[in-house]
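Some notes on the structure that comes next.
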Amino acid sequence: MSDSEKLNLDSIIGRLLEVQGSRPGKNVQLTENEIRGLCLKSREIFLSQPILLELEAPLKICGDIHGQYYDLLRLFEYGGFPPESNYLFLGDYVDRGKQSLETICLLLAYKIKYPENFFLLRGNHECASINRIYGFYDECKRRYNIKLWKTFTDXFNXLPIAAIVDEKIFCCHGGLSPDLQSMEQIRRIMRPTDVPDQGLLCDLLWSDPDKDVQGWGENDRGVSFTFGAEVVAKFLHKHDLDLICRAHQVVEDGYEFFAKRQLVTLFSAPNYCGEFDNAGAMMSVDETLMCSFQILKPADKNKGKYGQFSGLNPGGRPITPPRNSAKAKK
């Protein structure tokens, strides 16, 4: 039996999208074999494509989703369901939210169906030691079994780490690394791989910008570093880039600039965990590399679910809890 016979993608995507318009929280229970098939086939595609993706605009870039499946559906309603728009997601698909399984399954299904138009980077939560603690393991165990969680781990270990859009926009989940001198260093990272506790791969998934730091600083998460505006400016100049686009931190308006608009943080899970009153955002990059932001307001708030937003509100920036915090978030 061929892969396409084993994996009825259109049926899988159809069932995942059937709950659009239902009360948020309604589950979609794919079969275990279907999910295993999604993991195996997507892993094959990830490994066949570069670890440092070279992408072309136009595309839409999204930050953390964290199992907020109904908000992911709203993002697609707003931005256009694939293949209407090209997408790059910056990682953190699982953990914290209630529906990590639906979230990751839809994303993997779209990756398989549109491999040249739909791209997923690895976040720090696409790592067994993290999603063992923050919810994904428990969701897999409750709804399926631990073996399936291990199958997801195999797929996550093959995800690409960074992307460059039209040679000008550098994208990753976390941020820069003091070890990063050449893009070739990223290309040399061998997959499949776990996320180490330190070094280049760790930093790309874990580091954070900090306006109060000059150069490199300690990170409150207990892992990786923080970096200042000058680090950003030097990196962009050295590599002839215009912008760093990253995720990894809750920001009040769904997007937030840093270092004179040389770096932008995107966060795409509105009303994160039901605890923050943040908006979610995605960044549209057009053919001329002009960036605009589409905003998802917290669903239960304002009458308008969507809004175009161009102003800035620096706001406070709550950070996701540190890696070495052993408390799972229920």
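Cβ from N, Cα, C; glycine included.
As recorded in Swiss-Prot, the features of this protein are as follows:
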ACT_SITE  His125  active site, proton donor
BINDING   Asp64, His66, Asp92  Mn(2+) 1 binding site
BINDING   Asp64, Asp92, Asn124, His173, His248  Mn(2+) 2 binding site
MOD_RES   Ser2  phosphoserine
MOD_RES   Ser2  N-acetylserine
MOD_RES   Ser22  phosphoserine
MOD_RES   Lys305  N6-acetyllysine
MOD_RES   Tyr306  phosphotyrosine
MOD_RES   Thr320  phosphothreonine
MOD_RES   Ser325  phosphoserine
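All features noted in Swiss-Prot, drawn onto the structure.
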residue: Ser22; record: phosphoserine; contacts (Cβ under 8 Å, 6+ apart): none
residue: Asp64; record: Mn(2+) 1 binding site; contacts (Cβ under 8 Å, 6+ apart): Leu90, Gly91, Asp92, Gly123, Ala247, His248, Phe267, Ser268, Ala269
residue: His66; record: Mn(2+) 1 binding site; contacts (Cβ under 8 Å, 6+ apart): Asp92, Tyr93, Val94, Asp95, Arg96, Gly97, Ser100, His125, Ala269, Tyr272, Cys273
residue: His173; record: Mn(2+) 2 binding site; contacts (Cβ under 8 Å, 6+ apart): Leu90, Gly91, Asp92, Leu121, Arg122, Gly123, Asn124, Leu204, Leu205, Arg246, Ala247, His248
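In this view, His248 (Mn(2+) 2 binding site) is surrounded by 28 other Cβ atoms within 10 Å of its Cβ, with every protein chain counted. Counting every protein chain shown, 30 other Cβ atoms lie within 10 Å of the Cβ of Asp92 (Mn(2+) 1 binding site). Take the mean position of the Cβ atoms of Asp64, His66, Asp92, the recorded Mn(2+) 1 site; other residues of that chain with a Cβ within 8 Å of it are Gly63, Ile65, Gly67, Gly91, Tyr93, Val94, Asp95, Arg96, Gly97, Gly123, His125, Ala247, Phe267, Ser268, Ala269.
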